[in-house]
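Feature annotations, courtesy of Swiss-Prot:
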- Y206: active site (ACT_SITE)
- H386: active site (ACT_SITE)
- H240, H241, H308: Cu(2+) A binding site (BINDING)
- 31-142: domain 'DOMON' (DOMAIN)
- N32: N-linked glycosylation site (CARBOHYD)
- N71: N-linked glycosylation site (CARBOHYD)
- N449: N-linked glycosylation site (CARBOHYD)
- N483: N-linked glycosylation site (CARBOHYD)
- 1-21: signal peptide (SIGNAL)
Amino acid sequence: MKCANAAALLFFVLCDIGVHGGEIVAELLHSNVTVKWQTDYERQTVDFSIWFGAKTPDLLFLGFSDFGDMNSSDVLMYDNVKREIMDSYTNRDYKIIPDLSQDFQQLRRRKDHFVVRRKLTTCDSRDYAFQRGTTQFYIAASFGYRNLVDIRDKKWILDKKFGKVIEGPTDQPSTDEGVSSLERDVQLVIVNSNSPDPVPNVETTYECIIRKMPFDTVHKTYHIVRMEPYITPGNEHLVHHMEVFLCRDEVEEWSGNCNDPKKPKKSKSCSHVIAAWAMGEGPIHYPREAGLPIGGKGKNEYVMVEIHYNNPELHKGVMDTSGFQFYVTGLLRIYDAGIMELGLIYSDANSVPPNQKAWAMNGYCPSQCTQNLPEEGINIFASQMHAHLTGRKLWTSQYRDGVQIGDVNRDEHYSPHWQHLQQLRPMVRVMPGDTLVTTCVYDTRRRSNVTFGGYGITDEMCVNYIYYYPASEVEVCKSAISNSTLRAYFSQRHGMDGKTMKISDMYNGVKDWSNGVDEEFYNVLNVGNVNMNCLKSNGESFEFKSKDPRQGWENMARPRLFSGSFIRTRDRFQCPAINDMINFE
């Protein structure tokens, strides 16, 4: 494609792809509605084709939202009786109002569908700016009613879906990396429970399944070239995310609660992460030149699948045999691949005060840790970001010599209900000595208590799993605000016992985070020292290399970083969009 005017439109011009398409299907009781789109990056347009099922609605509402709010959203209305479209929006009170600027162009109308076109960004403050990352779609239909002016009206039949109108350079893999062209000797291996087990009727449960790989890993090395979830049909709403670990020791096969005292003691050796998956994601493809190595170490290889069940409605008696499936080949590829975990340490040190609109926290992977990467650097070919219910924006940036040189991955409209692996094309090259910073922005305005960092669904995480080659020894590169920084703050500012109190008790000891207390603490988080996890696959820390013997991974100064000279985001003041209106509430 041509890239004329690319500099002026850098916030959405993507010169390495021509056209991208997608599709969602809304289930609207009387009839399904299918929304297809085709994005043309050269023309900077997106064409939506809306197809009706068995019954055509009288009114159709197609809304676009960053974080799932039906108010202050961009809307396309279709009146099937008049056969007319109307560019509209919803205000704060959920009222549907025609837009002063009609930016949708109707291209075609048939009995069973219609097609419209719009610019990706119109610089209309009532229009949604389509950007890289997640777009949340609201599709509502009215059968028999036409004079509906409030989207909350019970006469609407509503469904919510997720999609990516702009894939960016993180497009899906081409078919030559798919199953159709996998090596001829590929084996499909499913690791799950041998018999159905009931999902516990508690909100958060972690179940572990340990299995021996069913092929000769004693004498031969294999490559895993694709992985994907194996979910029991009907249980998609319960399986929130999974992690897959390779075990260093030979372990007896077992399944049960991960915290069960009967869990084999040698399962502690199952610590090498080889895959991670979260609700809404598809398969993990490896590029044709790389595969994840397994076997060849003179022993049987065991894997452990850890499943996070999220059961907020406390369902009883739901049987589940979910797990993970692997595509394995004995035809080794050029490179061994690895997976690395970036972001924040799972710790109550990384906690968010209540009633915060956009609370950002940074997880550091500093140069002292990336110095352990291969001399030629690594190529990141996929990225998988993960947070829980209050996560709104997630991204990882790359710095060299303290200056930002680009992003690894970014989602400005993150949803925990639709998570996805981003295939990075072109791949991102990270060199020894680079710094990677993973940022998560949280919205806790609906919470009255502190949201702690941790494993539960109501706790928070900030993680980016990066898939890369060639493999290195670095498996975890994460940080947390140092305990000494927190203890000093809570002791000096709030008069707490900084020596004996638990970190969680200190957070809970602050009864009022308003009147500048939150702003003051936010500054502490952004300048205070950090504790680092720079870990090998066996859980051991790398040696901290410094001429100063007093320095180490504990209580270290955070990296000094500076923004690069490029602009990768739309200027919300020069080119407004409805995405920005929340800033004025």
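The backbone N, Cα and C atoms fix where each Cβ goes, glycine too.
Locations of recorded Swiss-Prot features on the structure.
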| residue | record | Cβ neighbours (10 Å) |
| --- | --- | --- |
| N32 | N-linked glycosylation site | 17 |
| N71 | N-linked glycosylation site | 17 |
| Y206 | active site | 16 |
| H240 | Cu(2+) A binding site | 20 |
| H241 | Cu(2+) A binding site | 24 |
| H308 | Cu(2+) A binding site | 20 |
| H386 | active site | 23 |
| N449 | N-linked glycosylation site | 11 |
| N483 | N-linked glycosylation site | 16 |
Counts by DSSP class (helix H/G/I, strand E/B, coil) across the domain 'DOMON' (31-142): 0 helix, 63 strand, 49 coil
Spatial separation of H240 (Cu(2+) A binding site) from N483 (N-linked glycosylation site) - C-alpha basis, Å: 30
Spatial neighbour of H386 (active site) that is closest, considering only the recorded positions N71, Y206, N449 and their CA atoms: Y206
H308 (Cu(2+) A binding site) versus Y206 (active site) - Cα distance in angstrom: 5
Three-class DSSP secondary structure - N483 (N-linked glycosylation site): helix
Three-state secondary structure, N449 (N-linked glycosylation site) (per DSSP): coil
Between H241 (Cu(2+) A binding site) and N449 (N-linked glycosylation site), the C-alpha gap once rounded to whole angstrom: 25
